[in-house]
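Chemist: Dropping the structure in here first, questions after.
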Amino acid sequence: MEDYIKIEKIGEGTYGVVYKGRHRTTGQIVAMKKIRLESEEEGVPSTAIREISLLKELRHPNIVSLQDVLMQDSRLYLIFEFLSMDLKKYLDSIPPGQFMDSSLVKSYLYQILQGIVFCHSRRVLHRDLKPQNLLIDDKGTIKLADFGLARAFGIPIRVYTHEVVTLWYRSPEVLLGSARYSTPVDIWSIGTIFAELATKKPLFHGDSEIDQLFRIFRALGTPNNEVWPEVESLQDYKNTFPKWKPGSLASHVKNLDENGLDLLSKMLVYDPAKRISGKMALKHPYFDDLDNQIKKM
């Protein structure tokens with residue numbers, strides 16, 4: 001830790017305090033995440049350290065790079081590249097009545113998908129994607145932060161400040177208690193973020209797991225074994241769920257064109273096996289008119 005100087009506290013993440021810091025010799029500005037674990041006495045589990053060490057190898061222009069993993073007083077510090085703005089702050093800064101430029105929505109979505117495809121190809125899931133952990137710079141680049149931390153540390157129910165971890169971007173298979181889930185959980189999250197890029201509003205903003213599920217069901221219809229084989233046997237599925245009929249996504253997401261809505265609907269398919277993959281999403285006609293500079297990144 002002696003290599004880094006803490007400059008100021010910049011936020012509170014899912015796992016602990018985040019500081020802006022500086023490397024003593026190079027002067028490089030970094031983000032320092034202090035990981036606060038549930039069981040402080042036992043120190044950091046070796047499995048977590050193994051998992052985290054693997055993340056140093058995830059090098060991609062759309063992934064926030066993990067530069068160092070340090071221990072101090074049995075606390076774990078993760079040293080990341082520094083970006084000052086996250087997508088939530090950016091969306092909140094857009095004046096009322098105005099929206100993000102549609103070409104920027106497209107560019108950000110494409111970059112998010114590129115980052116996710118890279119990680120999925122290395123068998124790393126994110127599991128907790130949300131606007132707060134998508135970081136942006138002033139050159140139009142967006143990067144995914146906190147990759148792989150969910151697997152290393154688990155996703156707590158509450159942030160250590162007692163703020164509840166958001167459910168708004170969580171996939172239906174996770175909400176319904178599926179024990180086996182894979183890369184489609186991240187695609188669902190990206191779909192909900194895509195809608196929010198277009199409208200500035202969360203697509204499904206539930207305040208409990210059941211409220212979250214019912215908001216999804218009201219928009220997309222209550223799933224059954226016909227549309228999603230075996231959904232009725234998932235741990236938290238109840239036959240007593242109200243049977244809503246599918247509505248139209250267009251009524252919830254007014255600022256997307258036909259191709260955008262088509263891609264969104266493919267990302268929000270109930271059956272994870274039928275949900276579009278990141279790789280296929282990148283080939284969708286929605287991106288046909290995207291600037292080639294972005295496609296080459």
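From the backbone N, Cα and C atoms, a Cβ is placed for every residue, glycine too.
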Chemist: Looking at ATP binding as recorded in Swiss-Prot, which candidate out of Lys33, Lys56 goes with Ile10, Gly11, Glu12, Gly13, Thr14, Tyr15, Gly16, Val17, Val18?
Modeler: Lys33
Chemist: So how far apart do the ATP binders Ile10, Gly11, Glu12, Gly13, Thr14, Tyr15, Gly16, Val17, Val18, Lys33 get, largest Cα to Cα in Å?
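Modeler: Farthest-apart Cα atoms in Ile10, Gly11, Glu12, Gly13, Thr14, Tyr15, Gly16, Val17, Val18, Lys33 are separated by 14 Å.
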Chemist: From the centroid of the CB atoms of Ile10, Gly11, Glu12, Gly13, Thr14, Tyr15, Gly16, Val17, Val18, Lys33, the recorded ATP site, which same-chain residues not already listed sit within 8 A by their CB, in sequence order?
Modeler: Lys34
Chemist: If you average per-residue pLDDT over the domain 'Protein kinase' (4-287), what number do you get?
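Modeler: The answer is 90, the mean pLDDT of the model over that range.
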Chemist: Of the recorded positions Met1, Lys9, Lys20, Lys139, Ser248, which one sits closest to Tyr77 (phosphotyrosine) when you measure Cα to Cα?
Modeler: Met1
Chemist: State the Cα to Cα distance, in Å, between Lys6 (N6-acetyllysine) and Lys139 (SUMO2 cross-link), rounded to an integer.
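Modeler: Cα of Lys6 (N6-acetyllysine) to Cα of Lys139 (SUMO2 cross-link) measures 26 Å after rounding.
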Chemist: Spatially, and counting Cα to Cα, which of the recorded positions is closest to Thr14 (ATP binding site)? Options: Lys20, Ser178, Thr222, Lys245, Ser248.
Modeler: Lys20
